[in-house]
Amino acid sequence: MQGRSLPFRVATLVTGLLECLGFAGVLFGWTSLVFVFKKQHYFEELCELDAGSLGNATGLDECRARDERFSLIFTLASFTINFMTFPTGYIFDRFKTTVARLIAIFLYTSATLTIAFTSADSAVLLFLAMPMLAVGGILFLITNLQIGNLFGKHRSTIITMYNGAFDSSSAVFLIIKLLYEQGVTIKASFLFISVCSAWHVGRTLLLMPRGHIPYPLPANYHYGLCSRDSPPEEDKKEAESEKLELQSKEFLSPKKETPGQQQAPGSFWSHTFSPRFAWHVVWLSVIQLWHYLFIGTLNSLLNNLASRDSAIVSTYTNAFAVTQFFGVLCAPWNGLLMDRLKHKYQEEAKRTGAVAKAAALRSVVPSLTLTSLLSLGFAVCASIPVLPLQYATFILQVVSRSFLYGCNAAFLTLAFPSEHFGKLFGLVMALSAVVSLLQFPLFTLIKGPLQNDPLYVNLMLVLLTLLTFIHPFLVNRECQRKESPREVA
């Protein structure tokens, strides 16, 4: 039965990867789309109003109001993609996969149709379309992440690969930009994306479960087209019993635990107010703010560094979008690192009698540290106003971002009880979304009082990035304390 279901599971894996790669995170290709919108004269009336109010406005800042409008749209959309993770996660938990995906398809298709029929006269509709596109995309990702549960020991690798595909999908807007330069209209491109909704519906009905894919995976588990061959009720009960047994083996110490060692998972609020969770929120929020501010203001930054030379701006915009595609290649390395270290530390725990769960949590510390280090390098390069250096900035940005979200999901999985994962994941994304709203006032500060000089803002954010190293340090110290003989005795 397992052999017959393997090709079906591989088909689910591959089509899920294509869905994340082609649709889920297209919002983060915003820079390419802004280039096209400017060519289409979106919000151009703001340039005329701004120039009229300033009287003697220079060519450098005469379109400041338009840049702020585009930045505001991206700020709202990026805020929505994180903040709505909490309610969309609840929808996924409560109403299961099929309902969540149908909602995603409705929002996504509505967004692409709105963009397709938007013009310079109705550009304000982007404030509605981009957040809908963001929420539909994140629901695609959330419903696909569970596919990792089908592949056991490769689970972390697949989860991080899907997060990398989510990042790489920003290259879709580069394709739209290149097609536009070859004469294909925005309307035609987004109508094509809208038609692809038929593919999403077909995949939802044929290749995805109606409910959730459990982890660990019970014996004789079937879904989608294979669900008609599902085992009878007795076998389902036996599979559920095996699932519970696997879960106990996954998280219990290699040593026999006495009743005193078996602890209740604790309430949701006890974990929410723990230092471990608080520092993780800081770690994610600071790094994510850097990425969102960079993506949302990149077009303006390139215009300033290139003295508003449209050809140079287009070249660097294309380079940035191309590097985003490689996120899907970078992210699995993070998952492989965590899977290998988890196996290594748990084997050591078996020999020494240490707590297995602490050993598993320890496996994410190198990934947390490496992500902070990559983000620091990205922040430093982004702060140096040298145009050719931005190629290095683009590379560091895509690598650090591809590590960021996979590491976030892995940490929450290992650091907190599984029954609270959905709520904690949604909460950490919602809190980081609130912090991400700072990108618009920071952009306004740079464009206004700082007169297009982001030096002081960049220095402040670089210093904040240094704070993210505290998180892996504290997690490592906690793991060492739990693995000590005094703790496990």
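Cβ coordinates come from backbone N, Cα and C, glycine included.
According to Swiss-Prot, the features are:
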TRANSMEM  17-37  transmembrane segment
CARBOHYD  ASN56  N-linked glycosylation site
TRANSMEM  72-92  transmembrane segment
TRANSMEM  102-122  transmembrane segment
TRANSMEM  123-143  transmembrane segment
TRANSMEM  158-180  transmembrane segment
MOD_RES   SER253  phosphoserine
MOD_RES   THR258  phosphothreonine
TRANSMEM  277-297  transmembrane segment
TRANSMEM  318-338  transmembrane segment
TRANSMEM  358-380  transmembrane segment
TRANSMEM  402-422  transmembrane segment
TRANSMEM  426-446  transmembrane segment
TRANSMEM  455-475  transmembrane segment
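Counting same-chain residues at least six beyond the ends of the transmembrane segment (426-446), those with a Cβ under 8 angstroms from any Cβ of the stretch are 67-68, 71-72, 75, 78-83, 85-90, 272, 277, 280-281, 284-286, 288-289, 292-293, 296-297, 300, 408, 412, 452-454, 457. Below 8 A, the CB atoms of the transmembrane segment (318-338) and the transmembrane segment (402-422) form 3+ pairs separated by six or more positions in the chain.
Cβ atoms under 8 Å from those of the transmembrane segment (102-122) belong to residues 23, 40-44, 91, 128-130, 132-133, 135-137, 139-140, 143, 186-187, 189-191, 193-194, 197, 200-201, 204 of the same chain, restricted to positions at least 6 beyond its ends. Only pairs six or more apart in sequence are counted, and the transmembrane segment (17-37) with the transmembrane segment (402-422) gives fewer than three Cβ pairs under 8 Å, not enough to call it a contact. With a cut-off of 8 Å between Cβ atoms, the residues of this chain six or more beyond the transmembrane segment (158-180) that come close are 13, 16-17, 20-33, 35-36, 39, 137, 141, 144-145, 147-148, 151, 186, 189-190, 193, 317-318, 321-322, 324-332, 334-335, 338, 398, 401-402, 405-407, 409-410.
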